[in-house]
């Protein structure tokens, strides 16, 4: 009898210290639902902090680049009288000498674009390796190391302000290392959430959960804008400390999977072999031979039906989204709205409307795709709708602040909707599809392939924008509209398959009704 209790201590030792402390205080084990809630909250905070740290660069650009039409940073954020009666820009030749070397020259915009691509290129490459490692390591430890490392190098970038560092090589190296550590985040959090969520409402749940991306951008914008007047270094250091702290929370509280903490799945959390609309997914997710529970190889994951089309679609979708992430505040501060220029801080605050629209877009895309059982149709439709949204924002956003705000919100909804859907529900679906026969050890790898490929586009978009914007912002928007079109076209084959499956399902229902009649 003494041998029976042995598995329990093993399970307890695998539990995070924070979970064990909560169970000790509660004097009982946590339910599956409680564990699930902890996972959603902790991973939400984790990736929101990633994006808050990442967003600061776009806000600080206007302070580093001397050509920003800075009209003063000591205003109250979102003050109505400021926005609707903005002061006239007082940019002068003497002010053009401000900024921060080496970004205060004529090539300052280009240098900032090259910093972006340095970060994003390493981020994209690192993503592939992170997914491979994530499926073979303890995701809680892996994510903790990534978050603390991100916090350290984000803070070091800001430390250049007080250390009076003006070497482009310093900022370049810091951005490269920050990108490497940031690449650990997305494959880890999606893999963990995928372990705890069933497929039936994954689109809606992960659409709501994916609001962390937009919320992180919003908080990053507001924090960086608020601290900018005290010195741009604070705009990096504070988010750096925040993400490092939340990294410790991840270490203490994040349960990687139900099996790791001995949580038994509820009946309604078990994915049944046949669901309503399952046939719609069959053209993408065909059953293959059984495979033993082992980590899926990189090339094997690429061959999963649907992975490549969604990965290349995300390449162009993230090209659009990350161009806005890194350049929107800069664009707003350099574009007269109703004949007036906004300050760097005001532009940063106004840019958050793009992310607020993105929250709604992510939730709508997830809900619609769940309801239709059609991820590809939903993602492609949003990408096509993003094209006129981009056109109208560029063409009419300068007429008034109200029009700018409305179009910015709509653009964010259509740009971020498919981006959120593909990086969450689609990645989780493809990482747990029928050919793997329940093997969940492909989640991080598939997520890394899709988001890593998308991140290559995320690196190229801001880089091209740094060069093209110096000549014409209209050309930048033409590039973005073209990218949105190509993103939708990459899903054409999957859309056709889903539409055909829908027609087949409809004909089957008609035959059933005729037989019953």
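Yeah, the Cβs are placed from backbone N, Cα and C, and that goes for glycine too.
Within the set 341-365, 441-465, the record from TrEMBL flags 341-365 under the feature transmembrane segment. Matching 70-92, 208-230 against TrEMBL, the residues noted as transmembrane segment span 208-230.
Taking every listed stretch (168-196, 208-230, 236-256, 307-329, 372-393) in turn, the largest tally of C-beta pairs under 8 A with the transmembrane segment (141-162) is reached by 236-256. It is 341-365 that, among the stretches 168-196, 341-365, 372-393, 405-430, forms the most Cβ pairs under 8 Å with the transmembrane segment (208-230).
Long-range contacts of the transmembrane segment (307-329) within its own chain (CB-CB distance under 8 A, at least 6 residues past either end) are made by residues 54-55, 57-59, 61-62, 116, 120, 217, 221, 301, 344, 347-348, 350-351, 354, 376, 379-380, 383, 386, 390, 411-412, 415-416, 418-419, 422-423, 426-427, 430, 446, 449-451, 453-462, 465, 469, 476, 480, 483-484, 486-488, 490-491, 493-494. Between the transmembrane segment (37-53) and the stretches 168-196, 372-393, 405-430, the greatest number of Cβ pairs separated by less than 8 Å involves 168-196.
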